Amino acid sequence: MQRILDLRRIYALTVDPRTLHGSVWKVDFKVVRQELIRYIKDLALFEGEFILSSGQKSSYYIDLRRVSLDCRAAPIIGKVMFDLICDLQDVDAIGGLTMGADPIACAIMHYAASVGRSYNAFVVRKQKKTHGLARLIEGPDIRGKRVVIVEDTSTTGNSPITAARRAEETGATVAAIAVMVDRETGARQAIEKAGYSYYAALRVTDILDRGTAD
């Protein structure tokens, strides 16, 4: 029952009559963030021996698509990630490299709409289509737009950097890169070295029941 109540509180709005836009009720942001951590622990955290997409070995694996595609958790992700990036100015669209970024971008888009903010979402393909419009980036055109690149989790920073470069090649300006979970294995340093502002909603040490990540 507590989770249902928490979800309802996420969407509690106060209306500003001057703008006719909803403003986010931020009083319980810490509660919402902790709720997201609980969902990740319950649904997405596995311990064992794993090979990550970066090729690195890990004693744990966080399958964030089990959370980002869950109908209960997606609204929470939308709020947490929106609060992370909402102060960035003049952002038009949010997206990243398929497929980890896709549900994150859509969750932010839907939550933002519920509070009067307009963000389009877009999908960066790993390879350009060879049929139809042969697009590398799907969704509303981002040429000339200011965008935020998102990712569910990042180990080395390579995926969001790739998405950012492709968005720039299309004619977009990248305002920042934002990830839901930073594995604390060098992604921040790589992304900032590449010239992008970096935001992370959670660190892996927020999720693991130990002081440091393996």
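Don't overthink the numbers, they just go from 1 along the chain as shown.
Including glycine, each Cβ sits where the backbone N, Cα and C put it.
Feature annotation from Swiss-Prot assigns 5-phospho-alpha-D-ribose 1-diphosphate binding site to ARG125, LYS126, LYS129, HIS131, GLU151, ASP152, THR153, SER154, THR155, THR156, GLY157, ASN158, SER159; the stated evidence is sequence analysis. The orotate binding site annotation in Swiss-Prot covers THR155, ARG183 and is backed by sequence analysis.
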Between LYS129 (5-phospho-alpha-D-ribose 1-diphosphate binding site) and ARG183 (orotate binding site), the C-alpha gap once rounded to whole angstrom: 31
Rounded Cα-Cα span from ARG183 (orotate binding site) to GLY157 (5-phospho-alpha-D-ribose 1-diphosphate binding site), Å: 10
Least Cβ-crowded entry, counting other Cβ within 10 Å, from the binding-site residues listed as ARG125, LYS129, ARG183: LYS129
